[in-house]
Amino acid sequence: MKVFYDSDFKLDALKEKTIAVIGYGSQGRAQSLNMKDSGLNVVVGLRKNGASWENAKADGHNVMTIEEAAEKADIIHILIPDELQAEVYDAQIKPCLKEGKTLSFSHGFNIHYGFIVPPKGVNVVLVAPKSPGKMVRRTYEEGFGVPGLICIEIDATNNAFDIVSAMAKGIGLSRAGVIQTTFKEETETDLFGEQAVLCGGVTELIKAGFETLVEAGYAPEMAYFETCHELKLIVDLIYQKGFKNMWNDVSNTAEYGGLTRRSRIVTADSKAAMKEILKEIQDGRFTKEFVLEKQVNHAHLKAMRRIEGELQIEEVGAKLRKMCGLEKEE
């Protein structure tokens, strides 16, 4: 897999072009500001007088409605939540599309699963920072960047690579390194990582460890420190140095205990469950479930959020984070 760097990309394809960033959340703000500071012509499309309207104006952007931005722009970069994209696209973006324009995304969900079907003659590309928006902006301002992905679903103009690579350069991704992938690969691996490991698997492991210690009579504060708080130390070591050097940096006791006990926690059954989760992503079952959830106004999701917020680990964590100076009183 080839990695592209700053010297491989040029901004030329975007000169004299207008990029409309649709949405001004964490990624919308970071990507639009970075491209603007790279000398590209950026406008921001938002709901008229919505919460983000004044924020984008305060950041110096040319702000307009989504329809106005889509009409004006050559490249329309959609950065609103996945579950809202198709509805906004159909009502406010699709009528403004003309041959030669480019639709761009930072997640392939709606293109890969067919919720957005672009007309003929329109490029469809993806440029995705592999980092939260605040980090995308901060590292750019520091003169570096975060790694990213690019991919091309439809190359209607025969220069889609030049366009998406210029966007990656403008956002600052090629300063760190850019990998070319596909909409299918980006979408399915991203969803799997979120569900099985990063957001689903890790949080369930932390909760199970915390509850095991508390149920055995240990102080909740001690349980939190040992199963949640210190996780960042280990993740940072892995992030910076890899598994081998993480093991080198922890104590012999931790290394031996971890290596000899870990397979009893994440078992063959765990991996089988991961494979089933991946199948649900690949065959569209998860997507259908998520669409149905939206149709009932996220009732199940709201209930799960409420339950998570009432967990003992949340109450203990809030107190300890305040004690450690990590956040103000919640």
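Here the Cβ of each residue, glycine as well, is placed from N, Cα and C on the backbone.
Site annotation (Swiss-Prot): NADP(+) is bound by Tyr24, Gly25, Ser26, Gln27, Arg47, Ser52, Asp82, Glu83, Leu84, Gln85, and the candidate from Gly121, Gly133, Gly143 recorded at this site is Gly133. On the 0 to 100 pLDDT scale, the model's mean across the domain 'KARI N-terminal Rossmann' (1-181) is 97. Each residue contributes its Cα atom, and for His107 (active site) and Asp82 (NADP(+) binding site) those atoms are 8 Å apart. The Cβ of Glu230 (Mg(2+) 2 binding site) lies under 8 Å from no Cβ of any same-chain residue at least six residues away in sequence. Around the Cβ of His107 (active site), a 10 Å sphere holds 21 further Cβ atoms from the protein chains shown. The C-beta environment of Asp190 (Mg(2+) 2 binding site), restricted to residues of the same chain at least 6 apart in sequence and closer than 8 Å, consists of His107, Gly108. Residue density at Asp82 (NADP(+) binding site): 19 other Cβ atoms are found within 10 A of its Cβ, drawing on all protein chains shown.
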